[in-house]
Amino acid sequence: MAKLNINTPQAVALIGSHTVGRVHCVHLVSRLYPTVDATLNSSYAEYLKMRCPSPHPDPKAVKYARNDPGTPMKFDNNYYRNVMHMKGLLKLDNALYLDSRTKPYVQKMAEDNNYFFEQFVEAMSILTEHYVLTGDEGEIRKHCQWVN
């Protein structure tokens, strides 16, 4: 991120985009089976096991858990509150709170939604100026999931 001139709070804010969306079970089971990841809240782990009951899920199945079960379709700072309770869906999520370099920013973003938004906007503004494809180098997709 330093190469892009994105600072630590901005990087933490970008990861906060995990506040929306979901993760398919195939990407979660390594945190649940054969033993539960020690950095995962135990009650949250039980919830995830209900969502992903098999250690070998069918990769084509549409079984998933939401990144933020509290406000799953709202872009907000609830993600950071979850992370502070070790309810991060991905290992990276909980690592934000466990790392002394990023923990203060997780706490501040959990407390102040506007601070999260400000840092996110700053980071996205920086990202939009890097590696811009022009001419025949890229395309604007009509449907995000398919190449035109």
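Yeah, the Cβs are placed from backbone N, Cα and C, and that goes for glycine too.
TrEMBL does not curate its annotations; it predicts them automatically.
Keep in mind that what you see is a predicted model, and the values were worked out from it rather than measured.
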Self-check item: Disulfide-bonded cysteine for C25 as listed in TrEMBL, from C52, C144
Solution: C52
Practice problem: Compare the Cα of D76 (Ca(2+) binding site) against each of the recorded positions H18, C25, C52 and report the nearest. | Solution: H18
Practice problem: Measuring CB to CB from H18 (heme b binding site), give everything in the same chain under 8 Å that is also at least six residues away in sequence. | Solution: N67, D68, Y79, G88, L89, L90, D93
Quiz item: Between the binding-site residues T19, T71, whose Cβ has more other Cβ atoms within 10 Å than any of the rest?
Solution: T19
Self-check item: Segment confidence, the domain 'Plant heme peroxidase family profile' (1-148), expressed as mean pLDDT
Solution: 91
